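What TrEMBL annotates here:
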type     : residues : note
DOMAIN   : 110-207  : domain 'Alpha/beta hydrolase fold-3'
ACT_SITE : SER192   : active site
Amino acid sequence: MGRKALLLLIMGVFVAYYIYISLPENIEEPWKLLCMTTSMKTNRCGKYRILCAELLGINHFLNMATFFVSLQEVPPMSDENVTVMETTFNNIPVRIYVPKRKPERLRRGLFYVHGGGWRLGSAALFSYDFLSRRTADRLDAVVISANYRIAPKYHFPNHFEDVYNSLKWFLHQNVLDKYGVDPERIGISGDSAGGNLVAAVTQQVRCLDLLLLKKYFTLKYLFQTLTYQSNYVMLIC
């Protein structure tokens, strides 16, 4: 019994040390921030485990990363507030989120493009599914979460072409009518690599007067700079 208690104490100290960060007093949701920061720490550790697997000859780095990321995918399950379905727009897979409550008028439309460095991720990841589901419910909007072909099997301009072609399909009047979307209230958004694809695609469709939520341009990233090394463990704000 004494050994178990000692082991439990040691594990508790280790967990507390692992998740502890000094927070300012005015943080509104400290536990949420702690969980997010801990998740990011764990994610960085996972990157090194995947790299070790490649060095040991188990599998290629990208194949291992794709496998572990795919474990976070969830099926297109509807809930009490949002209907979720999967289909294709111009042969490009997309996931659609439609609020269940009766609309008072045509709904907003949001075309969302996921990130992942052009080589990872999909609209089926839990984080993107949660974001799209919550956005559709809270904004009473029809959300189109788009997929695109990813590296290393596919290269530029395949990513751009997939997003552009699926967006053009969505903007057809008959498609907008089918999902009850107001053609005057359509936005396109994305994060990380998806944000870059959004910035590129909107240059091609700017004549359609889309509401651009946010531009996100690609810059060269250097993880060895003094500023990065000094701040990569800082709080996520």
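Heads up, the Cβ atoms here are built off N, Cα and C, so glycines get one too.
All protein chains considered, the CB of SER192 (active site) has 17 other CB atoms within 10 Å. When the domain 'Alpha/beta hydrolase fold-3' (110-207) is classified with DSSP, helix, strand and coil residues number 49 helix, 21 strand, 28 coil.
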